[in-house]
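A.B. asks: The structure follows.
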Amino acid sequence: MACPWKFLFKTKFHQYAMNGEKDINNNVEKAPCATSSPVTQDDLQYHNLSKQQNESPQPLVETGKKSPESLVKLDATPLSSPRHVRIKNWGSGMTFQDTLHHKAKGILTCRSKSCLGSIMTPKSLTRGPRDKPTPPDELLPQAIEFVNQYYGSFKEAKIEEHLARVEAVTKEIETTGTYQLTGDELIFATKQAWRNAPRCIGRIQWSNLQVFDARSCSTAREMFEHICRHVRYSTNNGNIRSAITVFPQRSDGKHDFRVWNAQLIRYAGYQMPDGSIRGDPANVEFTQLCIDLGWKPKYGRFDVVPLVLQANGRDPELFEIPPDLVLEVAMEHPKYEWFRELELKWYALPAVANMLLEVGGLEFPGCPFNGWYMGTEIGVRDFCDVQRYNILEEVGRRMGLETHKLASLWKDQAVVEINIAVLHSFQKQNVTIMDHHSAAESFMKYMQNEYRSRGGCPADWIWLVPPMSGSITPVFHQEMLNYVLSPFYYYQVEAWKTHVWQDEKRRPKRREIPLKVLVKAVLFACMLMRKTMASRVRVTILFATETGKSEALAWDLGALFSCAFNPKVVCMDKYRLSCLEEERLLLVVTSTFGNGDCPGNGEKLKKSLFMLKELNNKFRYAVFGLGSSMYPRFCAFAHDIDQKLSHLGASQLTPMGEGDELSGQEDAFRSWAVQTFKAACETFDVRGKQHIQIPKLYTSNVTWDPHHYRLVQDSQPLDLSKALSSMHAKNVFTMRLKSRQNLQSPTSSRATILVELSCEDGQGLNYLPGEHLGVCPGNQPALVQGILERVVDGPTPHQTVRLEALDESGSYWVSDKRLPPCSLSQALTYFLDITTPPTQLLLQKLAQVATEEPERQRLEALCQPSEYSKWKFTNSPTFLEVLEEFPSLRVSAGFLLSQLPILKPRFYSISSSRDHTPTEIHLTVAVVTYHTRDGQGPLHHGVCSTWLNSLKPQDPVPCFVRNASGFHLPEDPSHPCILIGPGTGIAPFRSFWQQRLHDSQHKGVRGGRMTLVFGCRRPDEDHIYQEEMLEMAQKGVLHAVHTAYSRLPGKPKVYVQDILRQQLASEVLRVLHKEPGHLYVCGDVRMARDVAHTLKQLVAAKLKLNEEQVEDYFFQLKSQKRYHEDIFGAVFPYEAKKDRVAVQPSSLEMSAL
């Protein structure tokens, strides 16, 4: 074969004479008209034409008519440049002219109607296996082109050597069908391939690549030795050096040398029996392959997988990497000491091992190479990707961020700190690493150099923009052109998917299923499931919720019923009432809001359901209500639903269930759910009902296992507001006590305090008159100290600890998310409820830690409903009193942190107007104290009221605002109002009159007639806000003030309902019937019942309505949101015998226990 001179040199594109514009690349003057960034259609047409010309090389040397010396002229600088694509930096305004793309090889994945630029491994960047050598006629042009490229890289032309090399390569291909690169050519090719890598941000170092030529090795053992040398050289005690080891080139595709690992060093990922993954999830498949090949797994989080090496096409061999070669960096944070507790680490050497080097038509499928890490590769991708180690939420939680709220930007804060930790850890151990900002800056410098030196720089914007910081890095604003040049590093198909095994016994068990088969199997399974579900009884599960608790339980119920039924979970506001006629089984899970009202998303269904008169379809139903026995109408909305469905003729499947927030709510739900499920199976005659396996959630036992929990020391400082925000899923903020004043007379045996809270910046305060403030209180120090003195085997009270629990498989420890890292003292003070009587479930667990048999038996007896109810209502014991009653209890810190219930916020009506006091919130609080055992027992104190009464000025108060949309002032201020509130029931009305005063003085808005009805014992004892009321009356804000005194000496008791009956009957009728007025009631439940009863009597008498008509009349008033009730209170054990729904008469405190 003669030397193919036509492939030796190609024509270079002629420049077109242009004047005016400065060319960034070579400073040639351009025409002023060529300034637009977009590529025109003419540009594209010319580019296609020039590409065709480029791919059809023209002969540069005619048969012997020109001497070789004349070829030297071809290297001279041309007079003009070829057409270009303009690349602009939108940050700096600088532009580049890309001409290098004319030398691009192949076609990228983009299509005319779709862009595939974000595909991870597109076909255009992937080389598959071969089953025969590259044909010489395909290989020769590529080889000559590479030789030209190689000799063109010299500053001075070496014409004779160049021609001789072309001749030698030609003859070698003609003789052997392939050719071998010289050592210098190999070095040039590997560096040039790095230079051409469009997805690499660190190419500024391309010329410093160390090349190890391992083309002479023939066995896997030799490959391993070369790799060990490579790792040792590159690691360099932390001063990382970039290097590449090149194994023999591909011949016929049947004798490849390949490294099966994706990277030389990588961590194993283990698929655990419970479905969880231990280690790096990205490596689960490869780890299983290693195990199948004989590797013994260690099941750690950071186990280095062995090298799997294939030599000369033979079956792969496993080699453990010597531990002394693997430099690892333990992660720590410069500020957060707890970061060490995450026990994170990462290897220092990022060595890619599974790519293919293409150069001059030759392919090297084994060529591991490395640079050094950019911090975000570890800190963002390896640690934070959800499909990798996924530590983001754990770090955010430990930082005390609002991980439940995306808008808090907790992810952004956490990922920054993780990356700070990575950079700090590497730098502290003197291991090479580069931050992403420096990397982006270096790439911009490299890119500018490349455009000036060779007129282009292939770059993949999607890969080069770092995974964090986005537009604050310069590469974000840089337009880029992506194309493939030769030499190039290509992706490869995983070796184990294409390898032809010589020893079938060593072949790993095939787990893959062909895509067609898999798709058919999935479709078939879906079809079967649809048929199965269609044949099952349909169940509709409705929920209404304010906080999300009912929704969560509804989905849990759906999971249970999916074992034998076809369930559908629907929010009440999405449910069409007409569907009731098609139901067979309806389940309802709902909470009760306020004074027996339904949650907001249940209002629509409630209105339409309660107006329904009859139902033709007599379906089965069951209802579960959630609430707190502290509220006056416990689970009232659920009871209303239950009764209405029954009146419509539906059949109750099981008795209505109740879940008390203060007494084992979830246990009650699980018990009701299982009972309902079993009843449904019986009723609908479900086949195989005896063998149905229900979810583990419903079968958990009540045993206490101390080995299931452990405490780990933690140094993270507690941010109380952030911790409470996370626990209660609320935006908890901190206010400070400005002042506290006792509103009752010094001679009174009781106390009602005005608590004024303030904050520096009132912008965060956003509330309307009538809304509530949730206060997160602290327990009494005496109770906390008493419990601490009885804890066994616990840490010091002020040592910060973190509770960890074994995962379900019992394989490893996970942080318990119920509590933040804190000291035991902090937990007992701010997070755990130590005043509510223990539930029956907690008593069962306490029985297991009693060391005296009589006490254990007594605790077990108390778990029986009758005994428990008597003991609870008689003693109402705090947790400390339980420990004192049963002194043999050996309670550990782990027991307390894992088993005690969470301390709930307490809610108070706000007694101030934001417009009137912009940086303050006022509360009206009755300080609660009472004796248990019918007044003969120990003195108990209300948790929050006592805590507020003990604060000093400027002490912090964690709190949050809760909306009370049903208790706002009328939208039209001209509408008349009647306000009824005895005792602290006056709290929200103070905010009303302050708002009306502000509107009058600053907006010129005169409100409608506002009548106040207040009640207390005596004017000289507990007539709170008396002077303010008189002032508001004088200023015309309150048009009438009526006070009912119930303890005046020598006079009969007068209550607010008496005032209504005796003095305001006409006013009530005028406001409610003749005008679109509003009536507000705030106070304890018995007062509210008496007031409602009195009002109904008055209206019935005046309008001559019967009982049913008057009930409907007031139902309409509530529906129109003209009759408002805000009724809260706490159940007191000593009043339970008198009234099962007893409340503290004048406290708006959510709980006094």
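Every residue gets a Cβ built from N, Cα and C, even glycine.
So Swiss-Prot lists these for the protein:
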- Cys110, Cys115: Zn(2+) binding site (BINDING)
- Ser118, Arg381, Ile462, Trp463, Phe476: (6R)-L-erythro-5,6,7,8-tetrahydrobiopterin binding site (BINDING)
- Cys200, Tyr491: heme b binding site (BINDING)
- Gln263, Trp372, Tyr373, Glu377: L-arginine binding site (BINDING)
- Thr545, Glu546, Thr547, Lys549, Ser550, Ser591, Thr592, Ser628, Arg633, Cys635, Glu661, Gln665: FMN binding site (BINDING)
- Arg750, Thr929, Thr984, Arg1017, Ser1046, Arg1047, Lys1053, Tyr1055, Gln1057, Asp1090: NADP(+) binding site (BINDING)
- His772, Arg906, Tyr908, Ser909, Thr924, Ala926, Tyr930, Val943, Cys944, Ser945: FAD binding site (BINDING)
- 539-677: domain 'Flavodoxin-like' (DOMAIN)
- 730-970: domain 'FAD-binding FR-type' (DOMAIN)
- Ser234: phosphoserine (MOD_RES)
- Tyr575: phosphotyrosine (MOD_RES)
- Ser578: phosphoserine (MOD_RES)
- Ser892: phosphoserine (MOD_RES)
- 23-27: motif 'DINNN-motif' (MOTIF)
A.B. asks: Counting across all protein chains shown, how many other Cβ atoms sit within 10 Å of the Cβ of Ser234 (phosphoserine)?
C.D. replies: 28
A.B. asks: Mind giving me a neighbour count for Arg750 (NADP(+) binding site)? Other Cβ atoms within 10 Å of its Cβ, every protein chain shown.
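C.D. replies: Other Cβ atoms within 10 Å of Arg750 (NADP(+) binding site): 16.
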A.B. asks: Can you check which residue among the binding-site residues Ser118, Thr545, Thr547, Thr924, Gln1057 has the largest number of Cβ atoms within 10 Å of its own?
C.D. replies: Thr924
A.B. asks: Do me a favour and check the Cα-Cα span between Ile462 ((6R)-L-erythro-5,6,7,8-tetrahydrobiopterin binding site) and Cys200 (heme b binding site); whole Å is fine.
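C.D. replies: Distance between the two Cα atoms comes out at 11 Å.
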A.B. asks: For Ser234 (phosphoserine), just give me the three-state DSSP call.
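C.D. replies: Ser234 (phosphoserine) sits in a helix per DSSP.
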A.B. asks: What same-chain residues, at least 6 away in sequence, bring their CB to under 8 Å of the CB of Cys200 (heme b binding site)?
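C.D. replies: Looking at Cβ-Cβ distances below 8 Å from Cys200 (heme b binding site), excluding near sequence neighbours, one finds Trp194, Gly371.
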A.B. asks: Given the binding-site residues Arg633, Tyr908, Thr924, find the one whose Cα is closest in space to the Cα of Arg381 ((6R)-L-erythro-5,6,7,8-tetrahydrobiopterin binding site).
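C.D. replies: Its closest listed neighbour, by Cα, is Tyr908.
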A.B. asks: Which of these binding-site residues is closest to Cys944 (FAD binding site) if you go by CA atoms: Gln263, Phe476, Thr592, Gln1057?
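C.D. replies: Nearest candidate: Thr592.
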A.B. asks: Just how spread out is the (6R)-L-erythro-5,6,7,8-tetrahydrobiopterin site if you go by the largest Cα to Cα distance in Å among Ser118, Arg381, Ile462, Trp463, Phe476?
C.D. replies: 18
A.B. asks: Compare the C-alpha of Trp463 ((6R)-L-erythro-5,6,7,8-tetrahydrobiopterin binding site) with the C-alpha of each of the recorded positions Tyr373, Thr547, Ser550, Tyr575, and give the closest one.
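C.D. replies: Result for Trp463 ((6R)-L-erythro-5,6,7,8-tetrahydrobiopterin binding site): the nearest of the recorded positions is Tyr373.
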A.B. asks: Using C-alpha positions only, work out which of the binding-site residues Cys110, Ser550, Tyr930 is nearest to Trp372 (L-arginine binding site).
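C.D. replies: Nearest in space to Trp372 (L-arginine binding site), counting only the binding-site residues, is Cys110.
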A.B. asks: Would you mind reading off the Cα separation of Ser234 (phosphoserine) from Gln263 (L-arginine binding site), to the nearest angstrom?
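C.D. replies: Ser234 (phosphoserine) and Gln263 (L-arginine binding site) have their Cα atoms 14 Å apart.
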A.B. asks: Among Tyr373, Tyr575, Tyr908, all listed as recorded positions, which has the most CB atoms within 10 Å of its CB?
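C.D. replies: Ranked by Cβ atoms within 10 Å, first place goes to Tyr908.
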A.B. asks: Of Cys110, Tyr491, Tyr575, His772, which recorded positions are close to Thr984 (NADP(+) binding site), meaning a Cα within 10 Å of its Cα?
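C.D. replies: So the list is empty; none.
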A.B. asks: Ser550, Thr592, Ser1046: which of these binding-site residues has the sparsest Cβ neighbourhood within 10 Å?
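C.D. replies: Counting other Cβ atoms within 10 Å of each of the binding-site residues Ser550, Thr592, Ser1046, the minimum falls on Ser1046.
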